Amino acid sequence: MIAEKPFWVKHEGLQIFSIDVQPNGERFATGGGDHKVRIWNMKSVDKDLQNIDTKERLLATLRDHFGSVNCVRWAKNSRYVASGSDDQVIQIHERKPGSGTTEFGSGEAPDVENWKAVMTLRGHTADVVDLNWSPDDSMLASGSLDNTVHIWNMRTGMCTTVLRGHLSLVKGVTWDPIGSFIASQSDDKTVIIWRTSDWGMAHRTDGHWAKSLGSTFFRRLGWSPCGHFLTTTHGFQKPKHSAPVLERGEWSVAYDFLGHSAPIIVVRFNHSMFKRIPSSTHETKQVGWSNGTSKSGEKDLQSYNVIAMGSQDRTITVWTTGSARPLFVAKHFFGQSVVDLSWSPDGYSLFACSLDGTVAMIHFDPKELGVRLTDTELDELKKSRYGDVRGRQANLVESPAQLLLETASTKQAGSKRAASDVQQNQVTTKPSVSVESTAKRRKSQVDDRNKAAESTGQTLNKASTLNRVSSPVNQKVYRRPDGRKRIIPEAVGVPQQENNIMINGESHNFLPASAAAPAKGDSGDFPVEISNRDLSGKEIVCRNPDLKERSRITARATITESLVIEKVPGTSGRDGVLNVEQSVGIKESSSTDLLIRVFDWKDGEAAPPVCLEACPREHALDTVGAVSTSMVKETEISCKKSGETLWSDRIMGRVTVLAGNPNFWAAGCEDGSLQVYTKCGRRAMPTMMMGSAATFIDCDDSWKLLLVTRKGSLYVWDLFNRKCVLHDSLSSLVSSDVNLSSTVKGTIKVISVKLSKSGSPLVVLATRHAFLFDTSLMCWLRVADDCFPASNFSSSWNLGSAPCGELAGLQVDVRKYMARKPGWNRITDDGTQTRAHLESQLASSLALESPNEYRQCLLAYVRFLAREADESRLREVCESFLGPPTGMAEAASSDTNLSWDPYVLGVKKHKLLRNDILPAMASNRKVQRLLNEFIDLLSEYEDVETADPAPKGSTPTMNCGGVPSSLDQIGSDPPAMTATTPMTIDNDKPVSLENPAALDIGVCEKTGSEDRDKQDQNSRDSGS
């Protein structure tokens, strides 16, 4: 026996939590407190090869974790290495061709080998402390401090199931070498045996750990290579600590390994079984077989297991199942607890690591351990006991369709993962509406933007570099009862960036624009930028709160103010009973200019934008006979294109908000008035009085205008038909939570009000809760909130990537806001919150009429139900997409209450069922009978149903909420309506100047001229 401690195996002087030897014997990996996984050359510690080049000792350093690496485990095929960390993430690394790299500024030499992360497994809500691969490497089990064990499908990277049953921290997990069971051990002093056939609980044992004392980092239990014994940790049999051994089948404790003076942290069986070398009794006694009492003969041919144990008493013991005493005891090797062990592939070398940051290797001789059984002999032994175990852990396929859909499900998951990677690595350029102080042509705008980027490049690069720095990390430090330090990284919020970037970007299609002037208040908000100028021409940058406006870029030209609404006690919440204040980041100034810019692509792609500017003016007014003069405040509104003034007007008072599109312009004033202009600058209607100053304004790409006043009144008008579509108050959003303080209760702060893509009003509060008004239900729907912090899908909204949809943008805002809160952290979920979160997201995407996000949420929801084997909810989902029973369609269609729409958001439900839902259900064979049932039903429907016409792509003229009866196809945009192409014209009411049902914006004149032409033609015909 040879023992050594290589001094160069270290993690920058920090603790080493895990060690594992590659099954092919070429490398071994360690994980430590420096957040890194290090891969070492096995030849550097080989007892026969001591003269290896020192540069080839450390082969690679993996730096993808952001917390201490608690566990590293090699796959059986030696291709992958898995690592679990305090950052709640599991990384799977694979060696790639080429040479390695190094971290910039680390001072370390470049890696000899190139190892890259090929898969990241997210789902745990606390530290991942133990990992174990299945016998065929198809699955990975992970134990975590969130009290759960996750089972991962390594073909797709998806979580197959979550095993819940422990009441405290899960600190050890191991896979049965036969593949039929998984065992886990927890701080609740229990060991649970799980079946892999249906992931149910086979047995719970809790008696032999009830008297255990103290606490340990890990409880790493181990299964014998023959599959018959399960050795656990942290047992206690007075007066010594023990390792109870469970026997397969009855799962009762057969015996204990007794002798350590402190809790046992880790046990590790040798990969192989051994036989004794035939020898004399004298030689046998020297190696300690059964305390020297064994006899030569048949017992020499019996195979036995070898097991190593590491304890908190800083010692290592090696035992055999044929002896009541340890074969080997290693003392004074380490200064702290032994936390992990690993055997070499040949079975004669033991690797150990300790919390003191060192590693030890112990090389045994065949005379000490015995003769190792070959792999063939071990397989024959298992086959004689359990039969052919290949594929035993898998459920049998009951139909060919199951295999086809499993293949489709794998491709579906792979494409989703690839799309996610592309989204994280790309910066998507999206159309925008800009606000700036000039109206140059596009080419000059691009040139100006490039010049501005060059002049501010150094500042921006510095800011972006600061934002990318991952350390130092905000941490919370406390000490456990045993004196050990516990460090928990806190969630890092998004920094408040001081971006002074002017918006000169290109816009690829028409979008409306809106802007607002600043008002008095505090400076605690996070405003977005609009461009303002004082009378001297110097440009002022104002930042305003709403982070995701319809322009869909970070720096937008939209509403600037936040609105605080407080309900007066004892009132009903109507207009006039609201206490209101406003708050923004800068003081009110009478010299603030407003400017919006609108692109109209009817004039060509290279056409310059049309700019509307509101400039406050003050001048003295001399009154005849009066001694003194008075100052008159008014606002000059001018519309320009390519530097040429198209029209101008003057309004008494100060303009606070502007909005416009190619059909109309609107200006709201602080005295509560609203003026609407035609695109040519004519006043389309008398001044509208709202009763209080306008604070938020928005418009769509046709004739819809939204306005919110300082009193909290919300209006939505159809200007083309001169009617109010919606008049409601934001007071219904005032919280009445009894748990809130008296200063907060009955008060809301609104930071954004806009028209959603579905045409419904969308309100975002300072808490980042988002509300959508549904005119069908006549109430507000909360489509984004922070009610599901424990959901496994709460972290799926990437805070750094560009959101791919309206709902995703709202959820990212919620996550950013929650990350800013001190002490915010994820909590454990029992599955209920995750399911409720997905159901809420599914309903919200439907209300927002976001087809792509609806499909994504639907797939995630079905996969979750399939993973949980929730057949009742899966059946309900499938039935809702399948439709009424075959042959009942006519009866159902005659009754409007039983009518069934075959389309959802423009997509045929049967297509979603066939292409998305059923393949997602195929991920778990436990529900394959339900899957086959709906495959047959769908085939029957497709045989008897007639071809349904495709849904019309027209968008309803006015729709402020709910799901319209006529929906667009996925990805299509509603057609932009112009002044000469109204959406609807009532033929019973001729459009003329006397008809108040039509807005006088160019349509009346055209229609009147057409009528006169027809009258002239009729008179000529009668005359002839």
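Numbers run from 1 along the shown chain.
Backbone N, Cα and C define each Cβ position, glycine as well.
Here's what Swiss-Prot has on this protein:
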| type | residues | note |
| --- | --- | --- |
| REPEAT | 10-50 | repeat 'WD 1' |
| REPEAT | 64-103 | repeat 'WD 2' |
| REPEAT | 123-162 | repeat 'WD 3' |
| REPEAT | 165-204 | repeat 'WD 4' |
| REPEAT | 214-256 | repeat 'WD 5' |
| REPEAT | 279-329 | repeat 'WD 6' |
| REPEAT | 333-374 | repeat 'WD 7' |
| REGION | 409-460 | region 'Disordered' |
| COMPBIAS | 421-437 | compositional bias 'Polar residues' |
| REPEAT | 570-609 | repeat 'WD 8' |
| REPEAT | 649-687 | repeat 'WD 9' |
| REPEAT | 689-727 | repeat 'WD 10' |
| REPEAT | 745-790 | repeat 'WD 11' |
| REPEAT | 869-910 | repeat 'WD 12' |
| REGION | 983-1024 | region 'Disordered' |
| COMPBIAS | 1007-1024 | compositional bias 'Basic and acidic residues' |
Model confidence over the repeat 'WD 8' (570-609), averaged pLDDT: 56
Folded-back contacts onto the repeat 'WD 2' (64-103), same chain, C-beta under 8 angstroms, at least six residues removed: 15, 17-24, 26, 29-37, 39, 109-122, 124-133, 135-137, 140, 142, 144, 152, 154, 218, 340, 470, 473, 487-489, 826
Within-chain partners of the repeat 'WD 7' (333-374) [C-beta distance under 8 Å, separation at least 6 from its ends]: 1-7, 9-11, 13-25, 28, 30, 32, 42, 45, 47, 71, 216-218, 220, 262, 265-277, 287, 303-304, 306, 308-312, 314-316, 318, 320, 327, 381
Chain residues outside the repeat 'WD 5' (214-256) and at least six past its termini with a C-beta under 8 angstroms from it: 17, 70, 129-130, 171-172, 174-178, 183, 185-187, 191, 193, 202-203, 205, 207-208, 262-273, 303, 305, 307, 309, 311-312, 321, 337, 339-340, 355, 378, 381-382, 385-386, 480-482, 484
Counts of helix, strand and coil residues, the repeat 'WD 2' (64-103), according to DSSP: 0 helix, 20 strand, 20 coil
Helix-strand-coil residue split for the repeat 'WD 3' (123-162), DSSP-based: 0 helix, 23 strand, 17 coil
